[in-house]
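Inspection log for the structure reproduced underneath, given as structure tokens.
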Amino acid sequence: MSDKIDAVLHEERSIAPPTDFARSARYSAEQYRELYAQSLADPDTFWSKAADELHWFRRWDQVLDWQEPHARWFVNGQTNMAYNALDRHVQAGRGDKRAIVWEGEDGEVRTYTYAELLREVQRAANVLESLGVKAGDRVTVYLPLIPEVVISLLACARIGATHSVVFAGFSVSALADRIENAQSRLLITADAGYRRGAQVPLKANADRAAESAPSLQQMLVVARAGAAVEMEPGRDVWWHEAMAQAGTEHQAVPLDSEHPLFVLYTSGSTGKPKGILHTTGGYMVSLHLTTGAVFDLKDDDLLWCTADVGWVTGHSYTVYGPLLNGATVMIYEGAPNQPDWGRYWDIIQRHKVSILYTAPTAIRSFMRAGDEIPERFDLSSLRLIGSVGEPINPEAWMWYRRVIGGDRCPVIDTWWQTETGSIMLTTLPGAFPSKPGTAGLPMFGVDPAIVTRDGEEVGPGEGGLLVLRRPWPSMLRTVYGDDDRYRKTYWGEIPHVYFAGDGARRDSDGYITVMGRVDDVLNVSGHRLGTMEIESALVSHPAVAEAAVVGRPDDVKGECVVAFVLPQVGHTVDPAELRQHVAREIGALARPDAIYVADALPKTRSGKIMRRFLRQVAAGQQITGDTSTLEDPSVLERLQTTPAQ
Ligand code: WTA
């Protein structure tokens, strides 16, 4: 951990919020301070007020029931996420407002008003029910970024089915594992998706995944790309055919506040990806609150969160948060460089996007492509720009503000996780000056601390572990099917606090800078990958006897995957084939950038691989630190002269 913390730049710049923006902002510094203080001193009042802005079929009896590490929020309340995201707005006469502006990679544009989206969701809810899906059943969603993904999620939420979205870039075996773990009975997929002009054969992948996922009984298939697919009679149904027959009336089902809304798999430092479980009421209240506050939402905003719905950012800030607020969202199906690196700017100019929320890895790619590309476009519709997913280096932050934000838009860096469900740390735009590279202050009700391994708080400016000292409404409730792992990973590392797995420090103004993972989780282009997962994929190849994976700093991806492999006796390792193998086992994003074929790995006498040294080898650095615990220190010398392939 200390290598990472020492490596962080000490950034001194501070940029005041633009006066115009501040004048009409939702929160001033004083208002934030007052509300934040209330949220900690009297959470019942604070959260009751936040929840009362939404519709409840039955009001809760108790705001929070906390039996560490298990929380129940808005106890015995009954509500429905889809009702709050759609019906509520239509009933209030806002049915004609645009909910979604969608653009395909091929340039096709589709828009849905709230009334239209509600009709589609009602239809889809009827389709799910006609297929026998009931409240509490799990539905896996493996779709490209098309409107049907939003409709599917909301239809599940409407009937109380728990959705589990699997990113369409994941492989057959990753998909099969997730279907099996969730015991999903239905899979919603498409014939194929588009990525950089090419077709991704989603249905064919789904067919293969189904072979090793016996829980799966049915597939609903969206015709997106006109790809030839095999439909298995009795199991597979075309989305458009089922939708054409379904009625457009559907009553949203009142669900308990703690009814499971979704499972989303994310990587941890050990074992297979874990299914992070989120429930209904608390997640809904946090998303409604944070989207309004952090993005300073106004009625005429067009909010574009560029994340795919396959990740938590897409769940929370493409789908649920904005729709709960009755906002209009921009959704773009494809890659940022399709047909060239001007695509995002072209979309912003044509659709007049006012809020952009994207990831540092994308920002660094744009920077590398050159200022002259965004400079060709009119980006004056933007009024706020945000970042999420990994630490943003101050230079990328400054570039983002200057070139994309025209030195006029506040930049918000937001720290949160799949587990936290909603934004936990940020610098509220208009209220506070921002510091490049620093997320900022806690959101309402969030009680962070920076501590040592023993739970002792460290002083201002000192690095330590980021923990959250009290439960919050959108917190994960458990790891699906493995509550023990939930207890141990999140509430067992440091007594009585939520352990985020990140290193951080807090400055004398209270701003928190999150520096990155302190465990064996990599962050590649803003996506979490466990070293263990990639190592298991590598050793499942017949030519590999043993493997160790570490991250290496990368200018664009933030971190890239470097693998050290020992060949199986009598085999030679072909790095190209091994990369393909990893892409097949997990997905292209896990593909190693460099592979070292080694004759031994640096291990302690007890057999533990010392990844710290491998990180130094991978980065081409001097080996520093105590090597005396290694069983054979000469391994390191040999590795340093081994060429990466
Ligand atoms: C990292 C994405 C620094 C962090 C919403 C965290 C960040 C992990 C930031 C969660 C940020 C996310 N600054 N680091 N603003 N945002 N991270 O679950 O390491 O995909 O633990 O959720 O991303 O990634 P996840």
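Note that Cβ sites are derived from N, Cα and C of the backbone, with glycine treated the same way.
Note that the coordinates shown come from a computational prediction; the quantities given were computed from them, not determined experimentally.
Features reported for this protein in TrEMBL:
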DOMAIN    32-85  domain 'Acetyl-coenzyme A synthetase N-terminal'
DOMAIN    91-472  domain 'AMP-dependent synthetase/ligase'
BINDING   ARG195, ARG196, GLY197, ALA198, THR313, ASN337, SER525  CoA binding site
BINDING   GLY389, GLU390, PRO391, ASP413, THR414, TRP415, TRP416, GLN417, THR418, ASP502, ARG517, ARG528  ATP binding site
DOMAIN    533-608  domain 'AMP-binding enzyme C-terminal'
BINDING   VAL539, HIS541, VAL544  Mg(2+) binding site
MOD_RES   LYS608  N6-acetyllysine
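Recorded features from TrEMBL, shown on the structure.
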| residue | record | Cβ neighbours (10 Å) |
| --- | --- | --- |
| ARG195 | CoA binding site | 18 |
| ARG196 | CoA binding site | 11 |
| ALA198 | CoA binding site | 9 |
| THR313 | CoA binding site | 23 |
| TRP416 | ATP binding site | 26 |
| THR418 | ATP binding site | 19 |
| ARG517 | ATP binding site | 20 |
| VAL539 | Mg(2+) binding site | 16 |
| VAL544 | Mg(2+) binding site | 21 |
| LYS608 | N6-acetyllysine | 10 |
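Pairwise Cα distances among ARG195, ARG196, GLY197, ALA198, THR313, ASN337, SER525, which the record gives as the binders of CoA, peak at 25 Å.
Checked against ligand 1, the recorded positions ARG196, GLY197, ALA198, LYS608 give no residue with a Cβ less than 6 Å away from one of its atoms. Distance between Cα atoms for VAL544 (Mg(2+) binding site) and SER525 (CoA binding site): 27 Å, as a whole number.
Across GLY389, GLU390, PRO391, ASP413, THR414, TRP415, TRP416, GLN417, THR418, ASP502, ARG517, ARG528, which the record gives as binding ATP, the greatest C-alpha separation is 18 Å. The two recorded residues, PRO391 (ATP binding site) and SER525 (CoA binding site), show a Cα separation of 11 Å. Of the listed binding-site residues, namely ASN337, THR414, SER525, the sparsest CB environment within 10 A is found at ASN337. In this structure the C-alpha atoms belonging to ALA198 (CoA binding site) and GLY389 (ATP binding site) are separated by 26 Å.
Each of the binding-site residues GLY197, GLY389, PRO391 was scored by how many other Cβ atoms lie within 10 Å of its Cβ, and the smallest score goes to GLY197. Between the alpha carbons (Cα) of ARG195 (CoA binding site) and THR414 (ATP binding site) lies a span of roughly 27 Å. Checking each of the recorded positions THR313, ARG517, SER525, LYS608 against VAL539 (Mg(2+) binding site) by C-alpha distance, the shortest gap belongs to LYS608. For the domain 'AMP-binding enzyme C-terminal' (533-608), the number of residues in each DSSP class (helix H, G, I; strand E, B; coil) is 21 helix, 28 strand, 27 coil. Following the DSSP three-state reduction, the secondary structure of THR414 (ATP binding site) is strand. Around the Cβ of HIS541 (Mg(2+) binding site), the same chain contributes GLU577, LEU578, HIS581, each under 8 angstroms and 6 or more positions distant in sequence. When the Cα atoms are compared, THR313 (CoA binding site) and TRP416 (ATP binding site) turn out to be 9 Å apart. When secondary structure is read from DSSP and collapsed to three states, THR313 (CoA binding site) falls in the helix class. Separating the Cα atoms of THR414 (ATP binding site) and SER525 (CoA binding site) is a whole-number distance of 16 Å. The recorded positions recorded for this entry are ASN337, SER525, LYS608, and the Cα of SER525 lies nearest to that of TRP416 (ATP binding site).
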